[in-house]
Structures are given as structure tokens and as C-alpha cells.
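Taken verbatim from TrEMBL:
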TRANSMEM  25-47  transmembrane segment
TRANSMEM  67-86  transmembrane segment
TRANSMEM  93-112  transmembrane segment
TRANSMEM  132-151  transmembrane segment
TRANSMEM  172-194  transmembrane segment
TRANSMEM  200-225  transmembrane segment
TRANSMEM  297-318  transmembrane segment
TRANSMEM  338-361  transmembrane segment
TRANSMEM  381-398  transmembrane segment
TRANSMEM  418-441  transmembrane segment
TRANSMEM  453-478  transmembrane segment
TRANSMEM  498-517  transmembrane segment
Amino acid sequence: MENDMEEKFEDWKGKEAIPGKHGGIRAASIVCVVVMMENIVFIANGFNFVKYFMGSMHYTPATAANMVTNFMGTSFLLTLFGGFIADSFLTHFTTFIVFCCIELMGLILLTFQAHNPKLLPEKDKTPSTLQSAILFTGLYAMAISTGGLKASLPTHGGDQIDRRNPRLISRFFDWLYFSICSGCLLAVTVVLWIEEKKGWIWSFNISVGILATALCIFAVGLPFYRFKRPNGSPLKKIAIVIISAARNGNKSDLDEEMMRGLISIYKNNSHNKLKWIDKATLNKNISETEVEETRTFLCLLPIFGSTIVMSCCVAQLSTFSAQQGMLMNKKFFHSFEIPVPSLTAIPLIFMLLSIPLYEFFGKKISSGNNNRSSSFNLKRIGLGLALSSISMAVSAIIEAKRKHEVVHNNFRISVLWLVFQYLMLSVSDMLTLGGMLEFFYREAPSNMKSISTALGWCSTALGFFLSTTLVEVTNAVTGRLGHQWLGGEDLNKTRLELFYVLLCVLNTLNLLNYIFWAKRY
């Protein structure tokens, strides 16, 4: 990891940053507050888009579920695009300002549509071309901008911390995750309660207000921040190394001097992996350091790929789980009605309490060497994958019970039954995503931290896209067999429990795949 002696930081005027005046805990704390506010907007809208698409825009449950997973998936996938922009052209500060303004315009467009009945479809009719165009323009303006925000904020916050204090950097990422969970908790409790009482127009009004406030707070911190100027995209460097290695594949092996140069750069035996990439050093314009950085990044990809199916399971919380809750008894103590997405508050409270506990015992946990730390995070990810398989089995049992009671006894079971799958999937996501972010950050080369940590968000993105694909493939296959598992508008006539079983089987096979790669790492 590069330290502050090797990196040049500037203040907002382009002059050399002064330690104590620029950066530090104060500047990083502003980032944490903004992360929390941005997450309130994203989560509050993401969790309730299914209800909005079905109730106000009159889409079918399967279409609404796919629209949400596509939106969420695109948002997370575009973190790579946001990271590319920040690394290649803009500072992380400028990237946030630009993309936050884009998201604000998208939200304003959706708010305008919600306030104008002429821009909403009539009862029992699907949206017109104009109505759909407005909806998707606002929706994907949010998706594009979210990718930029989530890519720039963590790295901008990390830039404020002295690299010579790795413990402080770890604490920053702990509290950054605390801010993410706090934003989620406020979104699924306070904001969604207001939405339940006041309607969707208030949802958009609140989102616009919160995001505009976050933009102002972030901008106010300008005199306190320190900045790194863009120095080119690491993706371009990776591509050059891979292409060069491929072109030199048939040439003679490296001499002893080149091999000693490669081995001296990294002491963790990484030079024994992907030896074919060593041939890139035959190109005199490519250094041994660039080769080793590329090798290290490529070795992270199998771990990243093994988490996608788990993210597909988590995607069900904002789609089919939300639809289940809409058909269940939401009364609590005969008077208070529980908004379905607010069930997420239970695991979020658990996670918020766990972070201070982790901080309390953090010195003991982080006292080992890097290898021990890598092993700890790999086990943490594996535990999350195993828990997601169990959660899908439990989800199938609960859905079978819910449907049996409705169909045979005309009785709606309590929505609190969904707490089990919400709790297990949320804890699974915490273990896996949290483990990935820390693992990728620790293991990645110093100039690839942003692109490597973005892999955690990209896993979530591909999981949402995989969910969409699985729904369509499942309906196509089962439709040919006589009855679509997830077709139609009535969830009581679907075979959602069998879809959950399918996810359980796929995730279990994926767990075995992960164990294979984790042992080889």
C-alpha cells in the first residue's frame, strides 16, 4: 500500500495539502454523513418501487420484480463506470458533484410525474409511450448517478485518512458501513412509514429534499478535503499487460534476472500463480510492478465470481419477498400496521450494534498478519454464502405455509413470518459484502483500490441481473411443461416456493465452487 510520502495530495486550490488542515477525521466524517443520506434515498425508493410499479403504473408482479432488479443491478454495475470516470478524468469530489446533480434531476422528473395525473396511466391500463419514457428516463438517471456516487464516496473518504495509519483506515471503513446501515434503517422505518401514511408523492418529495441537502453538506466540506489528481485508468493498464502477455506467449521463457525482479516485488508467492502473464515483461514498456499488480487483480476475480449467486438470493428481498408481504397480515397488536420493507429494520439494528462491538474487539481481530487477515475474510465470505443457502430453504417453507393457509383456510398469516428470511439474508449480505470490501481492499494493489472494492458492488449488480434472467428462464421452461411457476398477477397461484428451492440448490453448488477457489487463493 502506498503511504502519504509516495502520494501527492492537493487542496481545493491546487496547492499541496497541509496535514492537520486538509483531510483527517473531520473530512472523512462528512463523507460518512453524506453516504448515510444518499443511502436513505436509494434504499427507500428501491424497496418500494415494486409497489409503485404495480399499484400506480399497473405492471404485473413478474414485470415489476424484473424492473426493480434491473434498476438495482444497473445502479451497482455502473460503479465500475463511476470508478473509471473518477480515476481517469475527474477527482472523486468532482465525480460526486456531477453524478449527484444527475440523480437530483432524475428524482425531480419522477416527482413531477407523480404530481401530474395525466402522466400516470388510467386504472387497469398500462403506461403509454410518453408515460413510460418519463418513468424510465428518471429511473435510469438515478441508476447512472448511483453508480458514480457509490464509486466515488468511499474512495474520497479513504483519501482523507493518513495511509501510514492502517488501523485508522480500517476504522473508517467500519464506520462507513455503519453509515450505510444507518441510512438503510432510516429508509425502511421513518421514510417508509411516511410513505405508507402520505403516499408516493411524499416519497419523492422527501428523496429530493434529502439528496439536495446531502449535496450541500458535501460541497461545504470543500475547504477541508484533500484531493488526488487522476493518473489514468487501471483497467487500461491491465488490458495492456494481458494483451502483451498474449502476444508474447510463444516467445522464450524469462531470464533469471526478470524472474528475480518479479519475485522481489511481492513476497506472498503470488508470482507462482498465472505464470503466463510473466511474458508481458518482455515488452520493455511494461514494468514488473505492473505485471504483478495485474496478476493480483486477476486472482481476485474467482472470489468475486463466486458471490454473484448469493447476491441473486438477496435480490428477492426487494422483489418477491415484498410481494409476499403485501398479501400477508400486516397488523401488529391489532392497531399498528407494519410496512413490509420495514421488516429489514430488525437485521439492520443487529448489524448496527455489531459494528461498535467489532470496534471494541478490533485490535485483537486485526492483530494478525496479512495472511491471517485474508483467511479471516475468506471464511467470513464463505459463512455468508452458506447462510444464504439456508435462508432460501427457510423462505421456501414459509411461502408454502403462507399459500397453504390462504388457499385451504382462507387465513392470512402474519407478515412477521418474513422476519426469518429477512434476518438471514441481511446477515448473509453483511458477512459477504463486508468481507469482500475488506478483502479486496487489503489484497488489491495500491493503485487499484477503487476498482477492486467496486467488485463488491458489481457482485450485487450481477446478482440482480441473474435474478431477472432466472425468473424469465424459469417461466419459459415451466411454461412449456404446462404452468409457469412465476407467471400471472396472483402470487397465490404461482409456485414461488419451488423457485426458492431452485435458488437454494444453485447457491449450495456455488458454495462448493467458492470453497474450491478460496483454498487455491
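One-based numbering along the chain as shown.
The backbone N, Cα and C atoms fix where each Cβ goes, and this holds for glycine too.
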Between the stretches 132-151, 172-194, 200-225, 297-318, 418-441, which one has more Cβ pairs under 8 Å with the transmembrane segment (25-47) than any other?
172-194
With pairs 6 or more apart in sequence, are the transmembrane segment (297-318) and the transmembrane segment (381-398) linked by at least 3 Cβ pairs under 8 Å?
yes
Answer yes if the transmembrane segment (498-517) and the transmembrane segment (381-398) have at least three CB pairs under 8 Å among residue pairs 6 or more apart in sequence, and no otherwise.
yes
Contact between the transmembrane segment (200-225) and the transmembrane segment (93-112) (3 or more Cβ pairs under 8 Å, separation 6+):
yes
Taking 93-112, 381-398, 418-441 as candidates, which has the most Cβ pairs under 8 Å with the transmembrane segment (172-194)?
418-441
Can you work out which residues elsewhere in the same chain, 6+ from the ends of the transmembrane segment (381-398), have a Cβ less than 8 Å from its Cβ atoms?
303, 306-307, 310, 313-314, 316, 321, 417-418, 420-421, 424-425, 427-433, 435-436, 439, 497-498, 500-501, 503-504, 507-508, 510-511, 514-515, 518
